[in-house]
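**Q** According to Swiss-Prot:
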REGION    1-404  region 'N-terminal catalytic PFK domain 1'
BINDING   Asp135  Mg(2+) binding site
BINDING   Ser180, Ile181, Asp182, Arg217, Met224, Gly225, Arg226, Glu280, Arg307, His313, Val314, Gln315, Arg316  substrate binding site
ACT_SITE  Asp182  active site, proton acceptor
REGION    405-419  region 'Interdomain linker'
REGION    420-789  region 'C-terminal regulatory PFK domain 2'
Amino acid sequence: MSLKRNIRRLDSIVPTAGREGSDIQFNLYKGRGVAVFTSGGDSQGMNGAVHSVVRMGIYLGCKVCFINEGYQGMVDGGDNIVEASWNSGSDIIQKGGTIIGSARCTDLRQREGRMKAAYNLIEKGITNLVVIGGDGSLIGANQFRKDWPGLVKELVDTKKITPEAAKSYPNIQIVGLVGSIDNDFCGTDMTIGTDSALQRIIESIDAVVATAQSHQRAFVVEVMGRHCGYLALVAALACEADFCFIPEWPPPVNWREILCKKLQEMRAEGQRLNIIVVAEDDDRDGTPISSDLVKDVVAKTLKYDTRVTVLGHVQRGGSPSAFDRLLGCRMGAEAVLALMEMNEESEPCVISIMVTRWYVPLMQCVERTKAVQKAMSEKDWELAVKLRGRSFQRNLETYKLLTKLRTVEKDNLSGGQNFNVAVMNVGAPAGGMNAAVRSFVRMAIVPSLYSLRYEDSFEGLANGAFKKFQWGDVTNWVMHGGSFLGTQKQLPNEKNVPLIAEQLRKHNIQALLLVGGFEAYHSTLILSKNREKYPEFCIPLCVIPCTISNNVPGTSISLGSDTAINEICTMIDKIKQSATGTKRRVFIIETMGGYCGYLATLSALASGADNAYIFEEKFTVEISLRRGSHRCKMAQGVQRYLIVRNEYANKNFTTEFVKQLFAEEGKGEFSTRINILGHAQQGGSPTPFDRNMGTKLAARALEYIITQIKESMVNGVVSTKSPERATLLGLTGRRVVFTPVEELAAETDFDKRLPCDQWWLKLRPLLRILAKHTSIYHTEAMEDTEDYD
């Protein structure tokens, strides 16, 4: 029987399913019009959405317009509403802010202002709007839509437009993209800009940690978020903060005593610094808890050298993260398609996306968002946390557990029993490995489990290189890349399997967690199949996929892949800058990934590359050159051409061969250069996404392992031969799923080390469209209502 356990979010907003797999033809909506504008506060990733709206709209045959300066530009009209060309979307995806400007507009709140806006849109022939902004911008758009028929009638009555024009524009259609660093809008997993803001926060805190350790200081870091504590909470998890203040879960009245006691305990454990994260506008019973107040409490009570760092608008700035670039691109494309398919009865919707995308009713999301604010104003904190969603709840629960210092006598998971659980890294190092190990260790210590580590993978295990973990052993592990345990690619084999079994028996290991890549998955499969011969392997085994290649079956995303894509995008941005100076140059960039083209495809899409050569999609010399798009780009626009090639895309068409091909083709017209990015792609400091995913997956893995240990216990001995006790913990869609590795074996190409089914291949048509290749595009829709947490 297949084992796929997951946690369902029963109270989630139910979306309307789209048309996954349907074909969208070139020039399908020729003659239609679309306008895009950004409103309210800016956020990183908005330009990616603008880039995608322009190019998808033009691909579909639409006339696409920019409305500069947000709603104010719509009211003022004139040169603020301009037609966009294909090149309008060039070289903007890596830029922060919004190239078309944004402004807060009071005129639109008045009927006279809305009348002017309606007139200007009719004059330009625009009735389809893509709104990129926060909840205020989206609510304003919905009100504008409701008033539209009356506004048009009044324009006819005052003879500002003709009755014929009124008949041509009887209604207006609106699709919203939520652009906000706060991530405070219900109905979408992540808003555009949130991931980038988290990266700015973590970069700042990581920098602060160095000086804090040097001087044994305490730092109070104030972050943005308005009335939402998402940024503060997730940042606290990602930087191992000692304390966190968020508006959804304010501390008790005696928070001063609790805070100081916690900081003293951490110093007593040998920690040289303390980090406290404070969300702006955090309050308890109407009394604000400011960063300065927290600083004064610590400094006066504990006499610690305490400093305040207010990050401010730094959080909005800088280049967007790869996640936000991809988010903007995919949302923008889907927004145009949604507009084209709307009719008079269609209500405004919001494009929501995580691994899949779907449409959710705008006002349903707005009402849910208002319900959170109402719960907080009524001091119903439990309801406020619940309404934020299961992901927010899980973040809060994990934070509470990981910041506990003292072991509780009895835990509801272990039932007060002591179990021996071990953890090891297998495969190549990747961002998030250390975060996963830290989380597993500390979550194990809380219920009084004995947590052991095996160093240097199976080589170390066979040689007995183990150590029992203590709480302080994993302090500050989250912020570091690589693997502190040491990791090797060696698989269990005939020589070392007996030694591995002996060590597991010697240390009475009752469960084993492997954090690593394809090798970790394959190793677990080998151990599982050797259970008949070695009873020491008849224990719960679990794998957390952690590899930059994202080539492990049973999961959509592997730990470390987000860090790698961000590193690749950063390097490509610098290469593009070089090309901007030299002009008329083709760059061929080689990425890692083995035979898996995930890194090449997603980094190409996130960096605005023109093509990506991968093993999964065959290419030839004729295909590479016949489009002639590289010649067109040299003659106009940015005058460069960028190709991302996966390292094993084709054994004959190597990176050097492709370079020589383009060099010969471009004699006298353009030059060609190659860049092999190498091991720099494994990244330095892990991204917040990888840190927190590793933290939460390891916590979930431990919960599941403890349950399996108790279910497999017979007369005090753990023994199980069930395939369902050797699992891989992965993300499929929006679900966290434990899948037996023996079941996954049927879905694996072991020769090429690839899953047989890879979701991201559906992004290939979008990559080609945005790079000006005529292609068929496949829309995606959510298949379920379950939530990754």
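Each residue, glycine too, has its Cβ placed from N, Cα and C.
Owing to the predicted nature of the structure, the values given are computational and were not obtained by experimental measurement.
Help me see these features in their spatial surroundings.
**A** A simple way to gauge crowding: the CB of Asp135 (Mg(2+) binding site) has 23 other CB atoms within 10 angstroms, across all the protein chains here. The secondary structure of Asp135 (Mg(2+) binding site), as reduced to three states from DSSP, is helical.
Cβ neighbour count for Asp182 (substrate binding site) (all protein chains, 10 Å cutoff from its Cβ): 24. DSSP classifies Asp182 (substrate binding site) as coil under the three-state reduction.
Mean pLDDT of the predicted structure over the region 'C-terminal regulatory PFK domain 2' (420-789): 88.
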**Q** Taking the residues Ser180, Ile181, Asp182, Arg217, Met224, Gly225, Arg226, Glu280, Arg307, His313, Val314, Gln315, Arg316, which the record names as binding substrate, find the longest CA to CA distance and state it in Å to the nearest whole number.
**A** 33
**Q** Rank the binding-site residues Met224, Val314 by the number of other Cβ atoms within 10 Å of each Cβ, and give the residue at the low end.
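**A** If we count Cβ atoms within 10 Å for the binding-site residues Met224, Val314, the smallest count is at Val314.
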**Q** Where Asp182 (substrate binding site) and Asp135 (Mg(2+) binding site) are concerned, what is their Cα separation in Å, rounded?
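**A** Computed Cα spacing between Asp182 (substrate binding site) and Asp135 (Mg(2+) binding site) is 11 Å.
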**Q** A 10 Å Cβ contact count, applied to the binding-site residues Ser180, Arg316: which residue has the minimum?
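**A** The binding-site residues Ser180, Arg316 were compared, and Arg316 has the fewest Cβ atoms within 10 Å.
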**Q** Provide the number of Cβ atoms within 10 Å of the Cβ of Arg226 (substrate binding site), excluding the reference atom itself.
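**A** A 10 Å sphere around the Cβ of Arg226 (substrate binding site) contains 16 other Cβ atoms.
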**Q** As a test of the contact definition, list every same-chain residue at least 6 positions from Arg307 (substrate binding site) whose Cβ is closer than 8 Å to its Cβ.
**A** Arg217, Ala218, Phe219, Val220, Lys295
